Amino acid sequence: MTILTTLIKEDNHFQDLNQVFGQANTLVTGLSPSAKVTMIAEKYAQSNQQLLLITNNLYQADKLETDLLQFVDVEELYKYPVQDIMTEEFSTQSPQLMSERIRTLTALAQGKKGLFIVPLNGLKKWLTPVEMWQNHQMTLRVGEDIDVDQFLNKLVNMGYKRESVVSHIGEFSLRGGIIDIFPLIGEPIRIELFDTEIDSIRDFDVETQRSKDNIEEVDITTASDYIITEEVISHLKEELKTAYENTRPKIDKSVRNDLKETYESFKLFESTYFDHQILRRLVAFMYETPSTIIDYFQKDAIIAVDEFNRIKETEESLTVESDSFISNVIESGNGFIGQSFIKYDDFETLIEGYPVTYFSLFATTMPIKLNHIIKFSCKPVQQFYGQYDIMRSEFQRYVNQNYHIVVLVETETKVERMQAMLSEMHIPSITKLHRSMSSGQAVIIEGSLSEGFELPDMGLVVITERELFKSKQKKQRKRTKAISNAEKIKSYQDLNVGDYIVHVHHGVGRYLGVETLEVGQIHRDYIKLQYKGTDQLFVPVDQMDQVQKYVASEDKTPKLNKLGGSEWKKTKAKVQQSVEDIAEELIDLYKEREMAEGYQYGEDTAEQTTFELDFPYELTPDQAKSIDEIKDDMQKSRPMDRLLCGDVGYGKTEVAVRAAFKAVMEGKQVAFLVPTTILAQQHYETLIERMQDFPVEIQLMSRFRTPKEIKQTKEGLKTGFVDIVVGTHKLLSKDIQYKDLGLLIVDEEQRFGVRHKERIKTLKHNVDVLTLTATPIPRTLHMSMLGVRDLSVIETPPENRFPVQTYVLEQNMSFIKEALERELSRDGQVFYLYNKVQSIYEKREQLQMLMPDANIAVAHGQMTERDLEETMLSFINNEYDILVTTTIIETGVDVPNANTLIIEDADRFGLSQLYQLRGRVGRSSRIGYAYFLHPANKVLTETAEDRLQAIKEFTELGSGFKIAMRDLNIRGAGNLLGKQQHGFIDTVGFDLYSQMLEEAVNEKRGIKEPESEVPEVEVDLNLDAYLPTEYIANEQAKIEIYKKLRKTETFDQIIDIKDELIDRFNDYPVEVARLLDIVEIKVHALHSGITLIKDKGKIIDIHLSVKATENIDGEVLFKATQPLGRTMKVGVQNNAMTITLTKQNQWLDSLKFLVKCIEESMRISDEA
């Protein structure tokens, strides 16, 4: 974009503006948004000061930011995103917007140069005093000394929460001399101390908890946009007490108890940890002199104001909204007199003392003394939309008038295409920049702005893809580091105290934790389980593989088994029988698939390559991998049966479109089967748009087509004239004949009925099948894992997707009104989810009274199919602003313009449902907002809290596939293998059921469990060898380490575990060292055929297997063990060698030495 700024800065009109910009109050009129951005960016480039750009709302700030990213380095561009002050202060929310706010405040507090975009809401919001914010900026360096207590206190002040293990943003932990911190910005950090000196700083992976790279220094940013110190709390207590006493007599007696509860709920008087999320709503009482963001700017900052009159309008409505909101919360006993979130001073007063440059598209009167008025003449560019003749004549006019013509396109391929097109029109053009660009020619460069513009006085025109081809601007990739490492999903197998478990031999019990018991003066760790009545079972941690978490249907509370009874054996036998029947079916499926003969496609054609280059976006790595896997399948003779699992809007359709094109290029027909008429229409339009430049005949079969058109399509399929047909279950009718069907694409297969699924099954025999799904239902997920189907997963989001901002809050009409107004003010649409059909029309009336000017429609499952489709289509076509709907929108509706979702009674929904519903918004380059409301004063069930907590955690894009696993944890396995299996899964739990099924399938396939070369080794030594609670306090971490130790088979794995222990928990004590020694002995024993090592008090007994006895080289063994002298004796028992070792000082080392010698004499024997 350098060419554009070069042309502008050399122009006299800009130079006039540049002289007064930031020097005196100036009004600049006539510039379109993109032209204005170009001027502001050039002014910023030429100055050394901070530049503040104020907009009327966040939507406008987002739009200007997208254009500014073309000119300003991403590291120097900042935004202070405040969407809706009241909602943000009263709800639990996603961390992304807060991390952007913190990044901005931190840069300002450090005096960094930057271009800062701040919406009016952000300008007026109360903030922590600047000095306090500056005092809480921390940079840690290796070699420095820190006061640990003071440092941890500061972390708490900054909004961090102490946990035993860090797994979420905003947490820290202390284990010995190791401090872990997960900041809002950047990677999780591990600081290792040597006494008070920082010995090392490393970033680490929250999933594995392992360190990655060493770092010399790190900035620790706050985890909240408020700092709350003990002094702040002390001031807050006094102010709040006064506010409470002032408010109580002035409110209705009926809500005084509610006010008392509200007052006490802040727990200011007995808590040691203060919840920033709750206290932020008391910001007006926190600080003696709170700041606003203006106080953070340097005194010589340049200020630009975008559309003053719009800002004044927004300010008026913000004041009214704020007053009304505060009145509501006071009247309902949820707030106090004096509570506020914004500074009520006029906008002009806030920026008093700074020379301000006001930008306005039209000349306007303003209540401000202006020193200069600069008028630009700026015209919009003619919209060509691909019309060749109009384009040619307009370009010719620019050439004749000696204009500088700048053409912006988004990819290198398009630059080449555009030059070829202009060459055909005989328009001179260049694509490489020279020192000076001569007028009367076009320069085509990679770049994008939201719109083109013409500046006649400058002789400059900028033309974008929007004018050329009606393309929308691709949103520039921004910093993603702040959110890239956000929530990683923990295993759905994580055990918490109180969880139900299944012991393979004893049945369903309850997990009560890990307990260290002393038996015969030896300490060991055991897993404590509760069974029916008072029965308890202590399972040694080395047998923990026999214990699994119980996972089944969400509403199923399992019955505890009795220890020692026959009930569990009978249950398992029943399940075994049913599992064997299912295994039989699966094997038949598998055999059919292996033996079936399908069409074998060739390598990609030249047309395929051209078609793929046409895709305007860059593929994500997962998309590319999935495409390769699908093509590999198509190029085999066996028919493809692949499940493509990817989150909503992750580009599954593009993958399917490429497979369809490949099939068509080899003369095959493609059927694209979808569950709804509207989805059929949307996929049809996508295919038409993608394949418009290629000779591919695409038709649609749905109720939107006339009988005559349907008849023609059927005829075309029979004759081969139609290449691709998109449709609903009509495609499965018996009367449809294909000339040569090669590929069947099925979208959301689980939404089809049994009859349709059967028909799909018959088509699968010799046709390639690709199934698309956003949330894999466990059945499909599991079948894929069993190898009956292949699985491809798209987990990476497209570049321009931003996680949906998720708020969880109490139901409140003020919040709802603000959320609706915010979305409609940016010309967007809203899904309002209300899942009670009987009162849905009353809800519509209620919303209509709230929003009299909005067009509101209703959609629910009891409407006729035709009415429902017509309503949905009208909503998609932007004829309605708000759609009040039930969960029928859960899947398959794509409304890119609907970017706000409000769900009433969100606590009643299952997790995968909430996730799917949230996937309806945030599908364009705009940020999406989801508000999950739960009734005020309602105590949520633990499961509902779990669900809402999980959905808040998974604000990262792409948690869909993993959520299916988490969903098994919360919602249960559901109908995993059809209804008849449901009860069996509930009886034994999902994991044991799956294990039994897999074993049955393998047995019937003739696949034997890989038998170990040597039998299981039993090592029983009278030693304190365990993980003490003082070393690892967190039980889940403890279980995780025990599991790793149990699975250890090589010395490299032992070294890895030692490194992990030191990395995560610091140097280990003697009990842990012995535990590692025992594991090392076990590994030697595994490789040498030892079956038992038993401590018998004064001696250690060692038994070898018969096979090992035959293979051992006795001579080598005796020579190697000479240092042990008479402490070692050898004998034979049942044709197997036994060795006894007399215990003396350092006997554990002697045992390690002996076992190692046995292994070596075995290896030498093998080599001989």
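Each residue, glycine too, has its Cβ placed from N, Cα and C.
Note that the structure is predicted; figures quoted are calculated from it, not measured.
Some features that Swiss-Prot has for this protein:
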BINDING   Gly646, Asp647, Val648, Gly649, Tyr650, Gly651, Lys652, Thr653  ATP binding site
DOMAIN    633-794  domain 'Helicase ATP-binding'
DOMAIN    808-969  domain 'Helicase C-terminal'
MOTIF     747-750  motif 'DEEQ box'
Local Cβ density at Gly651 (ATP binding site) - other Cβ atoms counted within 10 Å: 22
Additional residues around ATP, ordered along the sequence, whose Cβ is within 8 Å of the centroid of Gly646, Asp647, Val648, Gly649, Tyr650, Gly651, Lys652, Thr653: Ala774, Ile794
Across the motif 'DEEQ box' (747-750), average pLDDT on the 0 to 100 scale: 77
Neighbour-count leader, CB within 10 A, binding-site residues: Gly646, Gly649: Gly646
Surrounding CB atoms that lie within 10 Å of the CB of Val648 (ATP binding site), all protein chains: 20
Binding-site residues compared (Asp647, Tyr650, Lys652, Thr653) - the one with the fewest other Cβ atoms within 10 Å: Thr653
